[in-house]
Structures are given as C-alpha cells and as structure tokens.
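Marked as domain 'Aminoacyl-transfer RNA synthetases class-II family profile' by TrEMBL: 144-552. According to TrEMBL, the feature L-aspartate binding site maps to E174, R220, H445, R486. Marked as region 'Aspartate' by TrEMBL: 198-201. What TrEMBL lists as ATP binding site is R220, D221, E222, Q229, E479, G531, L532, D533, R534.
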Amino acid sequence: MYRSHTCGELRESDINTKVTLSGWVQKTRDKGFVVWVDLRDRYGITQLVFDEDRTSSKLLEQARSLGREYVVQVTGEVIERTSKNPNIPTGGIEVLVEEVILLNKSKTPPFTIENETDGGEDLRMKYRYLDIRRNPVKNNLIFRSKVSMEVRKYLSDHSFVEVETPYLIKSTPEGARDFVVPSRMNEGQFYALPQSPQTFKQLLMVGGMDKYFQIVKCFRDEDLRADRQPEFTQIDCEMAFVEQEDILDTFEGLTKHLLKEIKGVEISAFPRITYDDAMRIYGNDKPDIRFGMEFGELNAVTQHKDFGVFNSAELVVGIAVPGGASYTRKELDALVNWVKRPQVGAKGMVYVKYNEDGSFKSTVDKFYDQEDLAKWAEITEAKPGDLICVLSGDANKTRTQLSALRMELAERLGLRNPNEFAPLWVIDFPLLELDEETGNYHAMHHPFTSPKPGQLELLETDPGAVRANAYDLVLNGNEIGGGSIRIHDREVQSTMFKHLGFTPEEAQAQFGFLMDAFQYGAPPHGGIAFGLDRLVSILGGQETIRDFIAFPKNNSGRDVMIDAPAAIDQEQLNELKLKLDIEA
Ligand code: ASP
C-alpha cells in the first residue's frame with residue numbers, strides 16, 4: 001500500500017494517527033537540528049518533520065538527501081504543529097516521519113514547480129508534465145473535467161445519447177482546410193480528419209437516434225490566429241423533430257445549468273438579438289453586452305455641413321466613452337494612432353469632449369457648432385464627462401473598426417469583468433457570405449443549414465439577403481456555440497449546393513451519402529456545437545484556452561514536448577507510396 005491518506009487530507013482530528021503518504025518533495029528546509037520537507041500530491045501539501053530528538057541520525061541524513069521532485073513514500077505519526085500555517089488546509093498538523101522509502105529520484109526541474117513559476121511559456125510547454133504538477137495548471141484540468149461532467153449530466157438527464165463518430169472520414173465543410181491521413185491499404189487515397197462530426201450527427205438523426213451528443217475532438221488546418229488550436233474539443237449535439245425554439249430552449253438550459261453548478265450564478269432568460277442588429281449596435285456578431293457603449297449612427301446629424309470626410313462616407317458612427325472627456329491630448333493622440341494601426345485600419349478618428357459644464361470641444365469645431373454636437377451626444381447617449389469617438393467610411397469596415405475600439409476601451413476601463421456572465425443568442429444569420437476576393441458566395445455556417453421559411457426563392461434573386469435558421473450562443477464577447485436547423489430534403493440540399501457553386505456531379509461525389517440518406521425518411525432536425533475549450537476558459541475566468549488543455553500546441557501548431565509534426569522515414573513513405581517534393 002503506497003498511502004493511507006493523500007497529502008491534502010490530514011487535519012488536527014487525525015493527530016496521533018499512524019499514516020503513510022506518497023508524493024513529490026516540493027521543498028526541504030534544513031535548520032540543522034530539524035529538517036522539514038513539504039510533500040506534495042494532487043490533493044495538497046503535507047509538512048513532514050524530522051528532528052534530532054525524535055529521529056534517528058540515519059533518517060535525518062536520508063531527509064537531507066532528498067532533492068526537489070524526488071518521489072517518496074513516508075510513514076509516521078500525525079502531530080500538532082507548533083507554528084501553524086492557516087493558509088493551507090493541512091496547516092495545523094505535520095507528520096513525524098519514522099520511515100522514508102525513495103520511490104524515484106528526479107533531475108533538478110528546469111523551472112520551479114510553484115504557483116508562480118520562473119519558467120517561460122516555451123520551457124513549460126516542453127516539460128508540460130512538470131507544468132501540470134503546478135496548482136494553476138492542475139486546477140484548470142480538474143475544472144475542465146468538472147465542466148465536462150456537468151455537460152454529460154445535463155444532457156443525459158435530457159435523454160441525449162453519447163455516440164462516437166469516426167475520425168478517419170472524408171471532408172466536412174466547416175470552412176477550414178482538412179488535415180489528411182494517407183491510407184496505406186488504399187494507395188493514393190486519403191482520409192480527412194473531421195472538422196466536425198456534422199454529417200454523421202445528421203445521419204444519426206436519419207437513423208432515429210433522436211437526441212445525440214458527443215464531447216469530441218475536431219481538426220481544422222487553419223492559419224493559426226492567436227489562441228486557436230488545430231485540434232480542439234466540441235460539445236456536439238443534434239436533435240430530431242425540433243424547431244429553432246426547441247434548440248435554443250434546450251441549450252439555454254444547458255448553459256444555465258453550467259453557470260449555476262460551476263459558478264453559482266443564476267441567469268434569467270437570455271436576450272436575443274438578430275445578426276443585423278448585433279452588427280448595427282455593436283459592429284460585431286459576438287457582442288460583449290456586459291457594458292453599454294452602443295453605437296450611435298450619426299449620418300443624419302453630420303452630413304449637412306461642409307465636412308467632406310463625413311459627407312462622402314457610407315456610415316458615420318460613434319460611441320460614448322465613459323469618463324473620456326478627461327483624457328489628455330497625449331492620450332487622445334495615442335487613441336487616434338491606435339485606431340490607425342493596420343490591425344484596426346481606420347483612416348482617422350473624430351472625437352468630441354463632452355465637458356462636465358455641458359459644453360463640447362471637438363476636433364471638427366470648424367464644421368459643427370455646439371447644437372450639432374449636442375445631437376451627437378444624444379444619439380450616442382454620451383453624458384457630461386464622456387468622450388465621443390466617431391469613425392466613418394464604408395459601413396461594414398467602419399463597424400468592425402469601431403467594434404475593435406469599443407472592446408479595447410472597455411478592456412482599458414475595466415468593464416470586462418471576468419466574474420460577470422452575460423450570455424445572449426444571436427439569431428437570423430445570413431445564409432451566405434460573399435467572399436470579397438473571389439466574388440463567390442459561400443455558406444456562412446455550413447451548407448447543411450436551412451434558409452428561413454419562404455426564403456428559398458430569394459436565393460435566385462438576392463442570395464446575400466437570405467436569412468438562415470442559424471444561431472450562435474455568445475458569452476462575454478465570445479462565440480461559445482453555434483448551430484442551425486438543417487435541410488432535410490434532398491431537393492433543397494441540391495439547390496443549396498448549386499448556389500454554392502457545386503456541379504451536381506461534385507455535390508454527389510462529396511455529399512451523395514447524405515443526400516441519399518435524405519431519401520429514406522430523414523426527419524426534420526437541427527443542432528448546435530459548443531467549443532469546450534473556450535467555454536471552460538471563460539467559466540474559469542481566464543483568457544487563453546491553452547491553459548485549459550493538458551497538452552496544447554503552440555502558435556505554429558507544434559507540440560514542442562513530443563516534437564510534432566515531424567518527418568517520417570523513407571520506409572514509411574514508400575509503404576504509403578508517397579513521394580515528397582520539397583527541398584531538403
Ligand atoms: N458543425 C457545426 C460547427 O462545427 C455546429 C453545428 O452546426 O451544429 O460549427
């Protein structure tokens with residue numbers, strides 16, 4: 001028996017008990033006549049004591065020889081500590097050691113295994129197994145497990161069945177590139193790893209499973225943006241005989257369950273906003289509604305004067321920044337430069353100080369009088385003491401730029417409180433999205449999403465105007481889930497493919513299996529998928545999803561611990577009949 005208790009378990013009520021513990025040596029303090037060792041395992045830290053009066057000199061010597069991260073088993077008696085440590089649960093006791101068994105030695109770890117470590121990101125990733133011994137990482141993984149358990153609990157309580165779908169499949173169109181796997185047995189052919197189990201979960205509905213879920217890995221070969229992982233986890237769900245309302249209801253329930261069980265917060269009905277309104281009011285289809293700073297459209301109150309920049313703009317739009325009237329000239333210049341950075345891309349910014357005395361001072365006083373500026377304040381809901389920031393130009397671009405500014409300022413002003421949770425549904429997404437570069441339309445969600453009733457005809461005349469039965473669940477400015485009611489009719493699905501630029505042959509070759517299945521009594525169905533990594537990190541009140549993944553990849557998609565991806569040897573290439581065409 002390696003242990004009778006864990007290192008986080010013993011209390012003053014255990015005094016006089018004989019115990020055996022196993023764990024890692026966190027630290028040794030040698031005072032000469034007495035040696036203390038902090039022994040750590042997943043559950044906590046227990047102090048071990050060896051002293052001249054009560055411990056043999058051999059044992060004392062043995063204690064002194066223990067290095068950091070040595071793995072030991074100790075047996076001894078629980079005694080009361082003379083100087084108690086109120087900061088840890090075991091702080092009232094220590095174990096007077098009678099026997100030490102060295103289970104394994106350790107090299108000196110490359111960074112300190114403590115809450116605050118001296119190890120940089122790269123080093124911690126290379127030795128991730130040591131990083132996982134640290135409380136912050138360990139606790140995040142335990143937290144993630146707890147969230148997954150609650151998800152399983154809620155969904156199975158609501159009659160969902162967890163079904164596994166294959167990883168070696170054919171392309172699923174979620175808009176990214178596929179990772180591919182060569183098939184040795186089928187020369188020259190490749191599997192694709194699923195970007196999601198989308199087609200399979202729909203086939204499960206045709207198969208009559210009625211309610212499906214899976215906590216599942218998905219793979220997308222995208223150019224890595226910050227905090228994206230090439231493999232990530234979804235809570236993937238599908239239901240038959242449902243309308244949008246049923247899905248929103250069920251998964252609002254799941255989200256509430258998680259917020260209540262995990263965070264202890266109760267939230268009433270989630271607000272809903274259409275995609276168009278989200279774009280108009282927040283310039284963003286995943287608005288953070290923990291704070292206001294809503295957009296005020298100013299065309300009508302700006303385009304009647306001689307200010308050419310505004311007059312030629314498709315959209316003039318502003319936000320009120322709480323307390324911003326007190327910004328110094330230097331701070332304001334910095335803000336203008338911030339919106340002009342290539343990442344944001346604004347050409348410039350007009351601003352108005354709404355002074356505490358009710359007067360206005362703007363960068364465009366030459367064109368606009370106090371009465372004009374008062375109207376801007378009214379529309380942006382600015383109060384005395386605020387700053388009004390105004391951008392103008394092409395409507396879509398300007399909205400995106402102002403949204404970036406809104407989020408940045410909210411961050412700086414501390415308005416994005418990680419302990420506040422503001423979920424909402426964004427509904428009525430466009431079915432199609434215009435690719436600016438190619439001029440082609442592609443599915444905004446995916447090609448299996450159904451258009452809103454009665455809008456199929458619009459596909460011919462005004463494809464961009466067609467709205468979909470598609471919805472996103474947004475939490476604190478992040479999309480945590482998205483889904484749609486699907487097409488379940490073969491004819492409609494082929495029309496959809498036609499509009500997406502597939503020839504009938506291409507559609508049949510890629511998705512014939514699904515369209516064939518639709519001919520055998522496919523029920524109306526729909527679903528949603530949540531990004532588990534992101535959901536867990538938001539619930540955990542942290543920004544980066546990497547911190548909640550046991551073995552994440554870095555920003556270049558590499559696992560630096562196992563050193564993957566890596567070249568494969570010639571023999572393996574030969575077996576796969578693959579020839580590489582790259583310079584060595
Ligand atoms: N498969 C979709 C996705 O990965 C989710 C869904 O439509 O259910 O975004």
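Here the Cβ of each residue, glycine as well, is placed from N, Cα and C on the backbone.
Computed from a predicted structure; not experimentally measured.
Annotation: R486 carries the greatest number of neighbouring Cβ atoms among the binding-site residues E174, R220, E222, R486, R534 [cut-off 10 Å, Cβ to Cβ].
Non-local neighbourhood of L532 (ATP binding site): R144, V147, S148, V151, I215, F232, T233, Q234, I235, each in the same chain, at least six residues away, with C-beta under 8 Å from its C-beta. Put simply, E479 is the one of the binding-site residues E222, E479, R534 whose Cα lies nearest to the Cα of R486 (L-aspartate binding site).
Only E174, of the binding-site residues E174, E479, R486, L532, R534, place a Cβ under 6 Å from an atom of ligand 1. When the binding-site residues E174, R220, H445 are screened for a C-alpha within 10 angstroms of the C-alpha of R534 (ATP binding site), no residue qualifies. Summarised by DSSP class, the composition of the region 'Aspartate' (198-201) is 4 helix, 0 strand, 0 coil.
Between the CA atoms of E222 (ATP binding site) and H445 (L-aspartate binding site) there is a gap of 16 Å, rounded to the nearest whole number. Looking at E479 (ATP binding site) and H445 (L-aspartate binding site), their Cα atoms lie 13 Å from each other.
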